[in-house]
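J.: According to Swiss-Prot, the record shows the following:
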BINDING   A26, S27, A28, G29, S30, G31, K32, T33  ATP binding site
DOMAIN    5-475  domain 'UvrD-like helicase ATP-binding'
DOMAIN    508-804  domain 'UvrD-like helicase C-terminal'
Amino acid sequence: MANGFKFTPAQQKAIEDTGKNILVAASAGSGKTRVLVERVINKIKQGVSIDELLVVTFTEAAAKEMKERIQIALRKELSTADSEEEKRRYLTQLSKLNVANISTLHAFCLQIIKQYYYVINLDPMFRMLTEDTEVALLQENVWDDLREKWYSKKSPEFENLVVNFSSDRNDDGLSELVMKTYQFANANPNPDEWLNNLVSEYDLGDQPLMESNFYQNKIKPNVLDQIQLAKDNLKQGMDEANKLGLEKLYQTFEQDCATIDELQDFVVGCKEWNNLKTTLQNFKFKRAKSDRGLDDDQKKQKERINKTLRDGSKKIIEDLSVKYFALPEDEIKELTQKSKQIVETLSEVVKEFGAEFSKEKRRRHVLDFSDLEHLTLQILNTDTPDGRRVKERLKNKFKEIMVDEYQDTNQLQETILTTIAHKNPGNMFMVGDVKQSIYGFRLADPGLFLKKYQSFATDDNDDERIILAENFRSMENVTAFTNLIFSQLMDEKVGEMAYDEDARLVYGAKYYPEETPIKAEVLVYESEDSSQESDDEPVNEDFSIDNKAQGQIVMTAKRIKELVENGEKIYDKKQGTIRPIEYRDIAILAPTRKNNLILTEEFKRLGVPIFVPDAQNYFQTTELKIMMSFLQIIDNPYQDIPLVAVLRSPIVGLKENELAYLRINDKTGDYFQAVESFYDNFEVEKASAFAQSLYEKIAIFLKQLTEFRNMAQQNELASLIWKIYEETGFLDYVGGMPGGLQRQANLHALYERAAEYEEMSFKGLFQFVRFINKMQTKNKDLSEATTQVSDDAVTVMTIHGSKGLEFPVVFLLDATHKFNVGDLNKPYLLNADDGIGISYLDPDTRVKTDTLMKVIAGKQALKKLAAEQMRLLYVALTRAEQQLFIVGSYKDKNEALSKWKKATQSESLVLNAGIRASVRNFMDWIGMCLTRSEIFKEVDDTVDAKEPEYIGELPVKFEVKFYSNQDLRGENITLDENSESWLKQQLKKIEEQEPLEINDKQYRIIDKILQSKYPNESLAKTTAYQAVSDLKRAFDDPDNNMMQSLEIDWQDQVPQGINRYVQNELSLPKFMTTKVKVSPAQVGIATHLLLQKLPLDDEVTLEELMQLLAQLVEDKLITSEVAKEINLNQIKVFYTSDLGRKVLKNKDKVKRELPFAMIIPAGRLFSNVDNDVEQPILVHGIIDGLIELDDEVIIFDYKTDHHTSEDKLIENYRGQLNLYAMAVESMLNKKVSQKIIYSLDLGKSIVL
């Protein structure tokens, strides 16, 4: 805020009002911290000592900031104090500040426990479990023991519980459920009572189902809410039809509303479940009124309204029938009773787990954060003289309890605070913004805030609600844009609160100069081309998703570069001037960390400096993956994947050809056996230089592995890890890699994790590796070690991580990221209010059925998800001070507009509830809201939007920009060194350098260096891994004789596109290419597949070929487009030829599609490389077919080349067949007697 700030009337009330409970609803940027500090100072002025206040903050950083601000404020008051008495007061308060109760609730609870531990007979000598991983490790250990205990009981009830939530492979599902249920229970003041209530929800009693509390309190209100939602759709349809003059459509919706009213009345009065079930299952709207003589536009509008609103209402009623009323009453009761038994057993198991976990923590003298809260509450509620004395002492001590970020508290924390609070009058001062409650995954309960928000506003309540609506952070365009979105999105139905006049942001940052640029932009990447693969490439299922992310990131980087390099301006609050944007002014916020690795790579490539504090998951970093692989093989070397990972890593340094060589020398058994076999059988005198080099590497590796394995048996895990660092030099090596400091910090962190593991009295490498693997499986990665923040770089963080922060320029990335609804598909749903809803798995039929409790829990989960995602979007938008950019991706502009136009005709300010609830990403919400503004017509003038009056009055400006692949293509070939700023900097350095004076001798030395030629320059351009087909394609005119002896002539001019053979310039990413028609290569591959799959019967018929081709298309091994191009007659003709008949005759001796790999010295393969060069090349390929007779082998290769002469086929493929022959003779130890090319196009065999 600007200097000379004056408090608003609402802020003044929040500072001065007293004698009651006060809830301050402080919108984003409203200065709530300033108000809290000023309230503390005001209390001190009134004679309250700072140690008589309890100030609870959400984080330790917030508590530290609060103390610092209070200290500054007290010093200011001291400097202006008139009397000695005042000065003494402020000096006394400054001296007490360090011991004042300004802390997180956990820190306050820890203080209570340390001071009053004797009340509950707690051993005061305990250590805090500050790491989540420590807690998880201990829980795993306790659960493993308890689970075995339950299994040994052979309890039928426990067996049913296991079967219901486990797979046929393991019981991880049950383990996860127990841990989550324990977590939910522990967020309550009385966990056992909450667990008991889980069971009581399933007790329907003996009365009819519709008389049960569950039906009356849960099902019936939900059913009526859904019917009302359908009715709201129909009413909106009536309004729209009426305004468009569609009389018959209006009449249709009018009669539909009447039908819905009848259904609503029936539900209210119905007393019998099966009657209601039958009514809903048979429910239909009456036939729509016929509407002739409409013009094209009216027809289009009618179709849209019917599809969106009438069909939507039908779907709502159908869902009621399917989800709630699928079963008759007796089956519902039976299902519920069986499910009750399972929930009862679950409750019992979780209670026992909680008791055992507590017992184990006491045994180890440790406490976790949950213990702090429960033990504090236990102390306060202990009904003994000591317990009652402690509670009264704390109540009398604190004249006021101030709670910051009140919306993020849970029921347990609320109970602790209200236990020591005064009742009449109240003395709680709670500050927060329920629109920023985004920690549902931590079991924060925004309902506590909402309940007070509504009740404190009523006239008959003694407590007070104060609203701080002014936003002193953002420019008017940002606040107006936020209001534009949320006034249409958020209400009690979808969002849990109304975004009304009380909730809207009020522009208060009047200190921005008028000339400060205004920007709010929506950037859409059109990903249509990115979902298409080139014709000769296999389809990767994740490809389109990855490239949507890449397209968004390139688009974002492009826009950021434009802002910085074009000198776009922002207002610098500290300097009080307008200046050009710098990278440090920009923050990228994302819903998840999923794309951080791509983001880091792309920004670096495009020359945009970036700081990503959590760029990748800790155990997904290269250095940690290598170390974990090493630890795995130290525990057990007979694991191929981690073994090869270590061998290939810098620790051992084997190349791909060396790895292949080891396997070729021993094709049976585990890979470690192949390594040992090579080492044990190595003969120095017969070894090539290649083998000798490999042997030396393996010898060092095996020596180190033996040493490490011996050390591991002594259970010295941390020492073992450090020994690996010392012996291999790996810690130093990663320090020299890009991001070396971060990598070294990560390796140090692994050492520290291992030390912590051992401190917990856990031993053994196997258990440590197993624990880490479990953590990764559950997506509970450890935190990455932190390093220094870059000075001038774009900051990247999650939206959750940005809460409480502000940035001049904000990019909300991946706004089309789908909300995570994966939990809804699990066989259980947990809810703090509704308990648990489960799916029941019939042990006999294996059929899974959702209980009514699961249906209710699902509805609640979706409602809470939508509300929390809405709040998350609010947090993201309100981080921006001056400029806001929202980034997303659609297939194309039409797809985006079609989704955004769904709600344009609604004249009410808030969009249709059903449409809002059905949305699964931020951008669809935002787009729907923007289309109703007149400004949007600049994007699409066909939008027939009904702009509500409030939106029209908003002083908002925004742009929507669409970027295609073509727009971004130039960005994909820009390297970071080619950025304009980098080039200018380098040129300036060169210009400032003084010219060097050199003598003749120095000149000759430099000249010799510059003119020298690397003797095997061609090898530098050659990959060590070659496909036979690539070798063939690399030469337009290979010398036949030299090919025969495997001396292939190198040509300096290599055809473009042979990028497997030559390490050429990088080609464009696949998403920058477009799909072309069916290629000959595709037809060739498909033809070979057909020949491979064809049964070798006595006679091959055309009908058989057609059936096989149809099957391959059905199995999606060949596309229908490619199948049309395959010439089946040519294949039939082949089997009537001499070669074809020989294949059929010797079908048991025929091998088809035979893969091979062999090592060939480069000097033998390439004619321009010296023959004595031992640099090996790994050649691999697939032989179409061979016939293995007693003492000879015939190899054959099908060719689908069109219009190619016999001589040209020989010229093109002789070398390839020679390589095949060499490979076959090496593998089978038999002479290849014939090498045959069969041309399907010519219909003849060509013997070489």
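One-based numbering along the chain as shown.
Every residue gets a Cβ built from N, Cα and C, even glycine.
Describe each of these features in terms of where it is and what it packs against.
T.: Reduced to three states, the DSSP call for S30 (ATP binding site) is coil.
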J.: Return the count of C-beta atoms lying within 10 angstroms of the C-beta of A26 (ATP binding site), excluding that atom itself.
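T.: That number is 28.
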J.: Fewest other CB within 10 angstroms, which one of the binding-site residues S27, S30, T33?
T.: T33
J.: For the domain 'UvrD-like helicase ATP-binding' (5-475), what is the mean per-residue pLDDT, to the nearest integer?
T.: 95
J.: Other than A26, S27, A28, G29, S30, G31, K32, T33, which residues of the chain come within 8 Å of the ATP site, judged by Cβ distance to the Cβ centroid of those residues?
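T.: Residues close to the ATP site, other than A26, S27, A28, G29, S30, G31, K32, T33: V35, D433, L468, N471, F472, R473.
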J.: Can you tell me how many other Cβ atoms are located within 10 Å of the Cβ belonging to A28 (ATP binding site)?
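T.: Counting Cβ neighbours of A28 (ATP binding site) within 10 Å gives 22.
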